[in-house]
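**Student:** Sharing a structure with you now.
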Amino acid sequence: MTQSTSGGGSGHGRGQWYGQYHHHSALCCISGAPPLPGDAPPTPEPATATAPAQAQGAAAAAVAVEGVLHKWTNYGRGWRERWFSLRDGVLSYSKIRAGGPGGGPPDEDGEVRLIGARIGGARRTDKPAGVVSLKVSAFRESKSDDKRFYIFSPTKTLHLKTDSKDDRVAWIEALILARSVYSLRSVSGRVTFVQSDVSISTARLRDRMHQEGLNENLIEECEQIILSEFSSYRKQLKRRYEDYLSLFGSCRHHFEEGKDGNITQEGLTRNGFSSSRHGNFSEYSTTESDECEKNDDCELTCEDEPTFFDSVDQFVGSDNSSSTMSSGQGAVGTQNQDSNNMLLQIRRRTRLPEPTEKEKGISLWSIIKDSVGKDLTRVCLPVYFNEPLSSLQKCFEDLEYSYLLDQAYQYGKVGNSIMRILKVAAFAVSGYASSVARPCKPFNPLLGETYEADYPDKGVRFFAEKVSHHPMLIACHCEGKGWKFWGDSNLKSKFWGQSIQVDPVGTLTVEFDDGEIFQWSKVTTTIHNLILGKLYCSHHGTMYIKGNRQYSCKLKFKEPSLLDRNPHLVQGFVEDNGGNKASFLIGKWDESMYYSNLDTSRAKSADQLQGASLLWEKNKPAPDPTRYNLSSFAITLNELTPGLQEKLPPTDSRLRPDQCHLENGEYEKANGEKLRLERRQRMSTKLQDNGWKPRWFEQDSEDGTYRFKGGYWETRDEGRWDGCLDIFGEFAET
């Protein structure tokens, strides 16, 4: 017998479930461990069973739920319909056949609740494509889409979507009910084959009924009822055995097993689980973590395609600022597991310190009129024009979306070269996202000034150094999960009265561990309306991303105009070595980027393209960005986390006094220190002419670019900073 719950049907049954079990929804590591085949079968309840036992049996039957859900597969295939079945604490899903015999879902024993309006013609395949045990899983609803929800397990993350809001409520209630019925318990013993020739004898029952003087017809009717119930139980037991056997097979490569065959504590800890907490997503909630919200499209767990990402990377609690790094994706560094675990617990700040002084305004015109046509790097500006970051830290801010390079690396590993360059292109555009409404300029670093960023939650280590004063050159190097990023940049900037134009000179390079390389240069940036009107910036020009293998990319950043109603537009395409266009891109550098198989040259937005797929989307703004309008990521860049200052060299940007005073709102001290350091900076040209060389980078003799020569992180571990100049200290003029 089946009962159907469609999106437009009555919600009475769902309301009863929700009212009865909603107060349990705080904890959602749902257990459904059945008795394994080989264990003694449960003793049948007597006819005088208590009311609670009867209620539990009825609830167990109600947990048998089936229906059609949309499951996210991958970028090429998108959302696909799958037949989902929730039974005995196990959620399985199968492909749906377009045709074939049968008039709908297969007949099952017992009462099955069908969710959804489009179930009449659905025909699933016999073999499940995937199985998820609710014993070690959790789920969350999407807060941005009332039809979507997520199921998290140690091996995968299922991104699911229903046809209606009511259907999602029904599925969530079914999961809650399953949690309440199937409690977490340990499973021991070996999995054995379920014998198909098991029989049951009714001889004793017949004899007893004859003693009571019952007629033969009634005895045979009762006998058939007993045999039918036993047959139903045997089928359910066999189905449960097959589901769990499939689950164990799919998990055997994701968990470490001890000598006794049980999952070890080390294996659980590495995968985001512990004995005291069943998982980082152990709580059911109507909200979800930022990581899920911004990475809705990156979890590729299709049964048809290879899994591109270790799902452990996505196990980020909503109250945790760091994720667990996968040990199999080229995590940078040589620290042991204990050291990594300690670093992952670092909580970074979410706002800048409260200013201690009230900021005073200044006369823009008196400064600008004396600076027209001059090089901006030689103009002495008060700290009013600065934000509490250096240009070295701004380089690392471009790696806020470094997960795009992680994804690009994984795509290349499975041979998807087009998706790799599309992700690299999205990364190249994403570096501009934080420049919106950022009216202040970063501090120009001193010669020899450095900046390090060790972010184990992102799986990256970054280092930058100012390697030349005139021309001003900054070199940087970053290592991530299967890739390296480096470059040097010379920013040529000038005042033009009403605007400032910045022309980056230099090449950025990404090299993946398999040898594929992409290189590009940044486009021109202009800051408008310095005197009159609302201050804003624009990025315009053409960016060429050149690859050393099959594909390259061309991106056009549209130049703004007075009548432009679609600013910040970026359009482009990917082409192979023969000049054939393989894919197209469109988006806005301050919002998101999409790709499509359709030509985007005449489109004004991705909404005008059918089937356009999301590549990247900007993170949500910081809750307290201050007047500098810093992103949540930028707010963390100048932070001295506990124990960090003792490890830094005396040249690190975090120790620069004028920048520290500005961050703390000590504006008078900041101006004084800035003037002192700029007087010292004027000595840098003489120091450079006398043969000064950067300590951590060296210039390539062929192309003149600067490359990281290594040794910094080893020196940091040893705490040996001998030879590092005290560039922020006092000096005596000669």
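In case you wondered, yes, glycine gets a Cβ from its N, Cα and C as well.
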**Student:** Of the residue ranges 35-55, 497-517, 707-727, which one carries the region 'Disordered' annotation in TrEMBL?
**Tutor:** 35-55
**Student:** Of 262-288, 640-666, which span is tagged region 'Disordered' by TrEMBL?
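**Tutor:** The listed stretch tagged region 'Disordered' in TrEMBL is 262-288.
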**Student:** Looking at the domain 'PH' (62-180) alone, can you tell me the average pLDDT?
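**Tutor:** The predicted confidence over the domain 'PH' (62-180), as a mean pLDDT, is 77.
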